Amino acid sequence: MVSPPGVLSSLLLLAAMAGGSSQQCSEGRTYSDAIISPNPETIRIMRVSQTFSVGDCTAACCDLLTCDLAWWFEGSCYLVKCMRSENCEPRTTGPIRSYLTFVRRPVQRPGQLLDYGDMMLSRGSPSGAWGDSLEDLRKDLPFLGKDGGPEETTEYSDEYKDLERGLLQPSNQQDPRGSAEYPDWSLLPSNEGGFNATATGDNSAASMEKLQDPTPHPLDQEQLQALNESTWSPTPGHSSISSVWPSSASPLPTEEGLEGEETLQLQEQPSNSSGKEVPMPSHNPSPASLESSPATTEKNSNFTVTPRSRKHSTPTFPTSTVLTGLTPPPWPLSPTASRTVKALAVSAGDNLVLTLPDREAELKASVEPAPPADTTYSYEWSLMSHPVDFQGKIKQENKPTLHLSQLSVGLYAFRVAVSSENAFGEGYVNVTVMPAARVNQPPVAVVSPQTQELSVPLTSALIDGSQSTDDTEIVSYHWEEVDGPFLGEEFPADTPILRLSNLVPGNYTFRLTITDSDGATNSTTASLVIRDAVDYPPVANAGPNQTITLPQNTIILNGNQSSDDHQIVLYEWFAGPGGESKEMVMQGAQTPYLHLSELQEGEYTFQLMVTDSSGQQSTALVAVTVQAENNQAPVAVAGPDKELVFPVQSATLDGSRSSDDHGIVCYHWEHIRGPSAVEMENVDKAIATVTGLQVGIYHFRLTVRDQQGLSSTSTLTVAVKKENNSPPRAQAGGRHVLILPNNSITLDGSRSTDDRGIVSYLWIRDGQSPAAGDVIGGSDHRAALQLTNLVEGVYTFHLLVTDSQGASDSDAATVEVLPDPKKDGLVELILQVGVEQLTEQQKETLVRQLAVLLNVLDSDVKVLKIQAHTDVSTVIVFYVQSGSPFKVLRAAAVARNLHKRLSKEKEAFLLFKVLRVDTAGCLLKCSGHGHCDPITKRCICSQLWMENLIQRYMWDGESNCEWSVFYVAALALTLTLLTGAVSWLCICCCRRRKRTKIRKKTKYTILDSMDEQERMELRPKYGIKHRSTEHNSSLMVSESEFESDQDTLFSRERMERGVLKGSLNGCARNGVSFGYYSKDR
């Protein structure tokens, strides 16, 4: 949270003017390896960031008028304000980097500035710290105990000397802890004292009442002189302020100070921080900072100060309040030319507090002393802070009186600057606009129902009071029993709904009292009547009177309509008066149903007596009338007259609509009149056929007879005419487009026309159309053809219409069935449950479980079809959509994800056991070298192609046809040859190694001299040169223990040698030396 901008501007001005008075501040006693007892009730501590040395910390304490002690602890700077001298007594501690430096100030401080600065910085947390709570201090100062004092420390002895100057040398190291844990020492004070309260939200009124921004007193001559020594240096695009800050008593220049002006960076205080922020001093200002031109100074809503280090970013002000830049004095300031300015006591009046709907205010500035006769004061009003939504009007900004209108809720800070040629003064005032006060409306208690009547065994009831209303909030409900039987101590009294149980008969009255958040109450009552159980006698009902006609002599009387408030335990049927002597058979006389048979003509009366569980009885009578058999003559109906057009092959005579009360047993057709004789078939049946009709009028008579011999006749006229007939015109309906999964359609041929009417329709499927698809209810012989279960493809149906004269016409209708656009996203889930056992509620539960597994919404899982897979399994076809607009996810990815999630979950995660999860259609591309089997969902590869076994069994497991049989065979042959070659090479190497082993020394003897051409050289088997000398003989024999020929090798030397090599005994003229030559290998 951030303080109001008005307080920020006042604090900036205070810091600028404090620079003049702090020039007399000097460094006092210093202590090393020492701490103080930071009791929050006696001292106040503020942590300062962006300090690089003990000297910086001491200078910061000098710059703050309320600071008494600069504490440098472990690379961090803390400013301490001591209420009393004994509160800041140094104490010794262990070998840690802790230095205490007391500052010396003049006895006479500027009273106005001191009071104002103390008040500005003392409005902190109740703990007494300027910005750091006790918990935050414990993070920085680990030696603090729970009471806030040091642990195991002793008082500092007088033998401690002043701190060496080397400790005051600047350090370029920055506090490694940063601003994440500690609030930075910046220009913005905390909100806990009321400086950061905003005028928005529900709590604005409470926060505004705490905020009282005082107006500073008139400046004395010394303070104005210090103000004249300050400089105003504009920054491009912003209004910035640079002040000459005094250093400590013995300032040590830092590297940053030598390079240029050191200024402070404005940093925004985090909202959860309770610390205040104080401006960081700048030392050794450069001459450039002392130059300013008022002509280049402009107003801006943002205050920017050059950062001390480029490593820190420049934060921004909060958006809840808008700051207006400070306006520099109207006269030019120069560090080399000082002038005397008279201080004016300017008052902008008391702080104003307005409450909506009051949106106007008037601010008036008063100045002391009054202007001389020849001089007038210039007034300049500036709005330093206002709410973000401020759109009001400000009038007469350059006059003593400022008119404000159309103010919105929030805090406004105004500054008025009064100046003349040699005088200057300024004042501040706050205007707070509070929201309109709310008028509380009392709550309205509502109970439902207000009246209830129950009868035993119902002994429980509910009374709902949750429908009660209030303009804010109902905080409590209280039920109490006003009248009725006592309910005991377990009576639920503080719930919106009153639940009652185990009630006894009686009249109850309950009162509900509700209370809202403002303490207003309202009550209402509800009544409840519990009645005792009443046992009413049963009501017997034997049913209505019955009448039957012989030969029917059986009937069933039904008494199950009898009723009782509890239960009927006994049914009894009796023959009524006048029926005891008649013969009949009664069955089920003690059941609700009485079966009567062998009844005779006459009237019967039967009595039903019912008995309930308490023994109460009731009776009812029913009459059964048996009438004598009454035969009526049949009625012959030959049908309507017919008019036929010649030529006609045959005509149908229909007498099936003839009727009789007992049934017709005989039909007879006869030709009674006509132009020529005709041939008739089935003349003794209800429907007869006539052929051989010629042009003329024919009369046929139908005679029917019943079982009693009664008969009846009817005549039919058939007129055969010769006239022209126009053929019908068939219209099948044209072309239709159907998109799966919608696989049903109706083709309408009723628009076919004929001059005398169409008598028959016939739909014929074209031979090139798909065979799949069913005709519903024989509609292929009707005007409208109904089709279902169509598959992807183009269907052609021919409509053949025929009129009464046999003329016909045909037309074709085309149905193009397009594939389902969601086909690639359909997933097939087979569950171990019969399709007849799967209910709608279980289906919705399955959808929710699938949505949880797939991490989607329930509405994203769409079930298209549920059908039987086997007698004990059901297949569910669904797809999953996501995104906006909706996009159907790929079935392969959904099936793979669902299979993976099911393998990780418990076995009983779904309602039923999952038998298989796969795509509904076969979507495999098979690498373009095969096709996908729709049953097994596996690729069937073409000839000379096979499956990539590595991808199938080691990677994603998707069936494919990526490998060529030739390539695989060539690779296998290559690997086989390579394996054989490597094996052969290894065997050869092993044998060679075995042959090179040194054998036992072999002895040789010289053979007899032989012909020079048969000279041979005897050599060891493995080429090892013998140590024996050369001999002249050409042949040598071994005398070793092994006489085998396998131990010696003979090689024939070439007859001629260029140069004979010498041996130990010299050269032999007729022989060569015995040795090893690599070429003999």
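Quick reminder: no glycine exception, Cβ is built from N, Cα and C everywhere.
Source: prediction; values computed, not measured.
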Hey, which of SER85, SER248, SER1009, SER1038 does Swiss-Prot call phosphoserine? SER1009
Can you tell which of ASN560, ASN1032 Swiss-Prot marks as N-linked glycosylation site? ASN560
Position flagged as N-linked glycosylation site [Swiss-Prot], chosen from ASN724, ASN742: ASN742
Chain residues outside the transmembrane segment (965-985) and at least six past its termini with a C-beta under 8 angstroms from it: 944-946
Go ahead and report the DSSP secondary structure tallies for the domain 'PKD 4' (630-723): helix first, then strand, then coil. 0 helix, 51 strand, 43 coil
Rounded to the nearest angstrom, how far is the Cα of ASN560 (N-linked glycosylation site) from the Cα of ASN742 (N-linked glycosylation site)? 49
Close in space but at least six residues away in sequence, with Cβ under 8 Å from that of ASN522 (N-linked glycosylation site), the same-chain residues are PRO442, PRO443, VAL444, ALA445, SER468, THR513, ILE514
Quick check on the glycosylation sites ASN430, ASN507, ASN545, ASN742: which one has the highest count of other Cβ atoms within 10 Å of its Cβ? ASN430
Take every residue in the topological domain 'Extracellular' (23-964), average their pLDDT values, and give the whole-number result. 75
Sequence-ordered list of residues in the chain of ASN560 (N-linked glycosylation site) that lie 6 or more positions away and have a Cβ within less than 8 Å of its Cβ, or none, is PRO592, TYR593
